[in-house]
């Protein structure tokens, strides 16, 4: 009984904390201890996720409100001859859902974004590019949501009251980054159209060491075909891990796929996104503290062959 009470008290403290930081427009950066969750989630479980049936029906407006295109509402068209119209069953006269349109598309996806370290580090370096983190864990997704909102609020307030010692940040900083709770292994093409993305990041994925768990790895022959589908020709998949076996697995599966070629080491090391990927993710910092080795490999999406 005592253990149950302690768990309940901790849960209540987490809920109270999350509620409190949202009351002031989320200006305080969230603390991870109030968002703790298991390190991994089973991607084959039913997580009761919400996802669009088609990318054109995805409403991005709540994630990227600064990029919403404000259009004049259209008047519904009338039937030229209502008496001649066929009888309709209940619900068939409802107009299809039309999400608010953005001025630009999401171009970068961070699959399994964790606590969002890569996203918030990339956002200022690519201020005109929309990027999205996909995370399956509930509490971790909430942490990234609160982190983004806090950074947006801090940037806006700093721009309104600039300091003499440093130039003011752009008031719209971090408006180009968002996060969704999603299972990328199941629903990636539900969010992105063919050839929509320019970069996909797969940073320190769950290694699933046991052979019977290898089917849960985020890189496989089947999933690589989905990455090829949503990536435009010339787009890059970025991978990094501290597990040599997993690194070799990812290299083997991408090199075996006809839609990808490995990027040369010289080009890899000149890519500024690689340096950010190495140093800014939470897992990357942990590997650094433990003096571990990070294995990086990039893969370019090839042009589709002429059949």
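In case you wondered, yes, glycine gets a Cβ from its N, Cα and C as well.
Here is what TrEMBL records for this protein:
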type: REGION; residues: 1-38; note: region 'Disordered'
type: COMPBIAS; residues: 1-22; note: compositional bias 'Basic and acidic residues'
type: REGION; residues: 72-98; note: region 'Disordered'
type: COMPBIAS; residues: 74-90; note: compositional bias 'Low complexity'
type: BINDING; residues: 112, 135, 136, 183, 184, 203, 281, 282, 283; note: S-adenosyl-L-methionine binding site
type: ACT_SITE; residues: 206; note: active site
type: REGION; residues: 262-290; note: region 'Disordered'
type: COMPBIAS; residues: 279-290; note: compositional bias 'Basic and acidic residues'
Spatial separation of residue 206 (active site) from residue 136 (S-adenosyl-L-methionine binding site) - C-alpha basis, Å: 12
Cα-nearest neighbour of the residue listed as 'active site' within the listed binding-site residues, 184, 281, 283: 283
Cα-Cα distance, maximum over 112, 135, 136, 183, 184, 203, 281, 282, 283, record's S-adenosyl-L-methionine binders, Å: 20
Residues in the region 'Disordered' (262-290) grouped by DSSP into helix, strand and remaining coil: 22 helix, 1 strand, 6 coil
Other CB atoms, at most 10 A from the CB of residue 112 (S-adenosyl-L-methionine binding site): 23
